[in-house]
């Protein structure tokens, strides 16, 4: 972090319109994968006043009641009444999903699964840093926790006048690559009309901001901006149109690392936009957990229909205990980054994706989950189970 003395990241709640779209797209993916693990899914969603539109390309033997599924996601988020401007029970649901192009399929599918080609060309990044216990940048971690707490306070009834839409932003101060303070906090939350701004700001400060952020990082000069424009009654898809894939920096590292541009939600693991980004995080996190570097960014790239990455690059920003070239060699020895191998390595053919679609895909805790007869582990790319083998291979 020597490049910046201040760094800011933002997050958005599950009720933000773009996140509604992401969650619907991943709910569709999960529902299909539950029945057909090898389905090809690319699902895009648009939400606006009174309507949810799902589109994209799917090749599967599964049958899913997509209208019912879309409505359930919207209602579970908290849009269950016209009073909040959007109601999953009464909104229109349009389904214009088609089939995957045969041209793409012939480039991806192989008789030997391990030779499966990448679903598209592209470049993906993974990142890890030792500045937090989850090996993620602090500004995005704190931003996620604020909007998670907003949803918790809303759903539990602690602050019943909160509505689903919210955004957060945190500015951290760094010295010698370590976080030494939080200089600014922004939290905008949708709310019912009857609550006063004074009551809202006091409650949000005490029960969300101070409850969530480390007290030792807050100081007398920290700036707090809670609903700085005043009223935030109109929100969600009424206030703004929501689209899948428009929060890719929120989904990843909050701007601290580079991004290849490909979104995650609605894409099955054959799409390297998603699976290779997850693999990149897995590699970078294990490198940092192994003590090979304090910070690590990895770039991988692919050509459509080709299994092997076209490049693997590493940058440890001068924090490496061994050279970046040596780490690249270790990565090639310890990780198979072909698309099929990534799917096997991270056990990605399970309905684990809707949970990733709010509050970040990285820095989360792997947990065992059961859907029907399928028991699996979520967020497998957050494991550090290869750190010791990397240390041994590096001679540390």
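Backbone N, Cα and C atoms are what each Cβ position is placed from, and that goes for glycine too.
Annotated ATP binding site per Swiss-Prot: 16, 165, 166, 167, 240, 246, 247, 263, 267, in sequence order. Secondary structure at residue 166 (ATP binding site), taken from DSSP and collapsed to helix, strand or coil, is strand. Within the same chain, residues at least 6 positions away in sequence whose Cβ sits under 8 Å from that of residue 166 (ATP binding site) are 12, 13, 15, 16, 147, 150, 151, 187, 188, 189, 190.
As annotated by Swiss-Prot, Mg(2+) binding site applies to 18, with the evidence given as sequence analysis. Cβ neighbour count for residue 18 (Mg(2+) binding site) (all protein chains, 10 Å cutoff from its Cβ): 22.
Under the heading K(+) binding site, Swiss-Prot lists 44. The secondary structure of residue 44 (K(+) binding site), as reduced to three states from DSSP, is extended strand. Counting only residues at least six positions away in the same chain, the Cβ atoms of 21, 25, 54, 55, 56, 243, 244, 245, 266 sit under 8 Å from the Cβ of residue 44 (K(+) binding site).
Cβ neighbours of residue 271 (L-methionine binding site) (same chain, under 8 Å, six or more residues apart in sequence): 42, 119, 120, 262. Here Swiss-Prot flags 57, 100, 240, 271 as L-methionine binding site.
Per Swiss-Prot, region 'Flexible loop' is recorded for 100-110.
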Rounded Cα separation (Å) that holds between residue 57 (L-methionine binding site) and residue 267 (ATP binding site) = 10
Among 16, 165, 166, 167, 240, 246, 247, 263, 267, listed as contacts of ATP, what is the widest Cα spread in Å, to the nearest whole number?
-> 25
Cα within 10 Å of residue 18 (Mg(2+) binding site): which of the binding-site residues 240, 247, 267 qualify?
-> 240, 247
